[in-house]
Amino acid sequence: MFQIRNYATKYAQSRALRKYPVGGVFHGYEVKRLLPVPELKLTAVDLLHNQTGSQHLHIDRDDNNNVFSIGFKTNPPDSTGVPHILEHTTLCGSHKYPVRDPFFKMLNRSLANFMNAMTGHDYTFYPFATTNETDFANLRDVYLDATLNPLLNQQDFLQEGWRLEHTKVDDPNSDIGFKGVVYNEMKGQVSNANYYFWIKFQESYYPSLNNSGGDPTKMTDLQYEDLISFHRNNYHPSNAKTFTYGNFDLNNTLQRLNKEYQGYGRRGSKKRELLPIQMKEDVSVETEGQVDPMLPPDKQIKTSVTWICGKPEDTYQTFLLKILGNLLLDGHSSPFYQKLIESGLAYDFSVNTGVESQTAANFITIGVQGCDEVDSIYEVINKVWEEVLQNPFEESRIQAIIQQLELSKKDQRADFGLQLLYSVLPGWVNKTDPFDSLLFDETLERFQEDWATKGDNLFKDLIKEFVISKPVFKFTMKGSETFSQKLDAEEQERLERKLKLLDEEDKKVIFERGKQLQELQDLKEDLSCLPSLQISAIPRVSKTYPLLEKDNVLNRITDTNGITYVRGKRLLNHHIPRELYPFLPLYADSLTNLGTSTEEFSTIEEQIKLHTGGVSTRVSVNPDAQTGKPMLLFQVDGWALNSKTDHIFKFWKKLLCETDFHKHKEKLKVLIRSLASSNTASVAETGHAFARNFGAAHLSVTKAINESLNGIEQLQLINKLSQCLDDEALFEKEVVSKLVELQSYINGSSDMKFMITSDSQVQIDAVHQQITGFLSSLPKDSKPCDFYSENYSMLENPGKPTLLQFPFQVHYTAKCYPGVSYTHPDGAKLQILSNMLTHKYLHREIREKGGAYGGGATYSALDGTFSFYSYRDPHALNSLSTFDSVPEFILNKSSWGEPDLNEAKLSVFQQVDSPMSAKNEGTILFHYDVTDEMKQRRREQLLDVNLNDIHQVAEEYLKQDKSIASIVGPEIPNFDALVQTV
């Protein structure tokens, strides 16, 4: 088996070498270099377009999940967000595809498993991934025309960037305010305290980068002419870097690129190198930011210290810096973690902590959040550097890092091509040779040789060169109670300055322009110019991953590259008392953070890294696929080389049975502080998911349990627990005793099931024996309990929308309706309906008109919840009104036809048929009890949905008296009175 696979890999590489000889010219592209990388089973081909100087990197690999990207070096000239707004507006129509928003319209005319456009620090790129060759050609053409020949209409700039517009577009007497998709997106970003700290740090330390995403306080200075100029100066083939990955014929792409580049000449690069501030002495900057409501009032400081450390172009030195960063910061045995976090000086590391190599300079930052003053932090940081120079790193820690690097190389991912693109592009646009980034084995071998001869001096030399006695940059942000009010006041003052400059004619123009934009948004377009796959591209028969079951163990034999993955689960439905449910996530987290009566977790963690790819514990709740009843599961996972799987079970046994909650109370406090410090930021990033989960908890027992485990309720619990850390008696009673009690309920071999994924029957049989030994080491039965998960209470329906307040600048909304189980025939109809509503109605109403960054409908096939949502939304109540209008729109105003239905099916199957890594094959049966027969039946149901079905389920399920609405975000004045009208 291995010999055949290795031969196939070598054959593919030799074929690539023959196909693209160095010096060969293909459609205007000259092959400059080739690089076989056998350890990653790929061959890299470096090509140059002779006419324009455009560079192309092709990764030839036997993988049918093919990737294309076109990217540009886009140094932001200021902080108005012009690279980001241009990224949006290029996708709003082009010369070959002159329709509004071809990007979003291609989302449901394709089977791509990934489509996006992204703005980095100093580059912008447009990637997609698909397994269908026709689809690949379609999307490549749309992307190329969008980037090189966009229409860049002023209306699209106003919609996507920013504009002045009446709050009620059809009322000239209503207030005028700022609107715009990117404007509200970045207001939402600023609401994330971690992002705000990071971007203000960047602006202070690396001001030449500016803010490519856009600072809302500066974005309203951007003019349409600036956008046109930025595109003209940057979106040129000479400044383009294109990338392909996979097994599709490269010649087709080169031919298409060469055709697109005709008429362009070669431009010299005028891009200046962007570097951090040059320091001859220490620099300190202090500013203010958000107060985190989940942290104590006296722990509202974030601070960091930064050193510049050479350039990413030196890829080996950059590799060493990352190893050093890992040794210093990663895990329980790292010195900075022990001295800054474990000591209680701070709650957690700050978001900018670590080695940064994404720009033209490397730098290392040590920072914390959740502290009460900075001097002691700086003192400890300096002391740790001194101690590191005096005390050698343990050999076992180095070997653990090498082991993790080796395993990460062997661990196969379905999105390997995209991950490769993300890893090479930031350096590639900043003069780092992408081939150097691919030399995995060569770099690792050099490191092992250097470590063997130089030992600790390898890292001490780096520290002496870049850190000791070198100028440092200190950045501090203190939480201010008035911060949000100041942001609101700044926006209002900026708006008033704009309004004062308007005369009556200007106001008339604004009013007419707003109406014209809305008319344009409502216009039904002819989309026949856009390419589309046909429904026939979707196979009617689902791909299956054969599994064999023996003794409560599911077995999957597949190509795992010499790795074995083991999963275990125990059904807890009748094992856990109701009052302990909220403590289950903390219990699971504690097992991989505390330690035992005889070992510190730092020692255990090091052994885990030495012998496995990792072990984890978690709790989840899933609905039964047929009945919808909750399945509360405690899960353990682990993976290792085939020869080391016995270690997985040793660690499981140690964590499950020997974790000592009493002895490691202080570590438990550290864990709770860390969880509390990240809670608000997680809501700022995914507030719509929290709103949706909270709403669904009123409709389903499964979702009510999930709200307790993963929702706002869980955040509130962690916040409450973080406030009792200084009261030993209370902490013992409210936290430690409950976790000890959970241990007695969870540990038991009854109701345990497993899944093994490996590459041979011999290995499967060996792991079966290890499972038998593991089960015999556990108590047969855990402590009895008479509470059943089915009896868990749903949240009580409040009868009106609920506002969950957080100190953000925008809102996140959700409206939820009960659906059906996975096997119910109406589930497929509801899933297609949700997709049609997103693309044919809500995208226009919520995003284009309303200015929210995102919005739509979604139907969860597994948990049976239908929901509407909006994301980073400036008009939450308007969005709820739009959700309420959906039934009337479907029944009276929609004019959907078969093409609309087919597009929705294509969009749904993008995820249904998305590529899967070997380790995840068949796991839907293990995690959700969804059989191949159920999957096939649902597939047929999805393909067979008709327009009558859509109207039937809309009328039956989208009833107001069954819905629950929720909003996450800042206070809404007169909320109770206003929601009566929603």
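Each Cβ is built from the backbone N, Cα and C atoms, and glycine gets one as well.
Not measured: the values here are computed from a predicted model.
Per Swiss-Prot, active site, proton acceptor is recorded for Glu87. Taken from Swiss-Prot, the feature active site applies to Glu160. Annotation source Swiss-Prot lists Zn(2+) binding site at His84, His88, Glu185, citing similarity to another entry. As annotated by Swiss-Prot, transit peptide applies to 1-7.
Recorded features from Swiss-Prot, shown on the structure.
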residue	record	Cβ contacts under 8 Å, 6 or more apart
His84	Zn(2+) binding site	Thr119, Val182, Met186, Ser212, Gly213, Gly214
Glu87	active site, proton acceptor	Ala117, Met118, Thr119, Thr124, Tyr126
His88	Zn(2+) binding site	Ala117, Glu160, Gly161, Val181, Val182
Glu185	Zn(2+) binding site	Tyr853, Arg872
Cβ neighbour count within 10 Å of Glu160 (active site) = 27
DSSP three-state assignment for Glu185 (Zn(2+) binding site) | helix
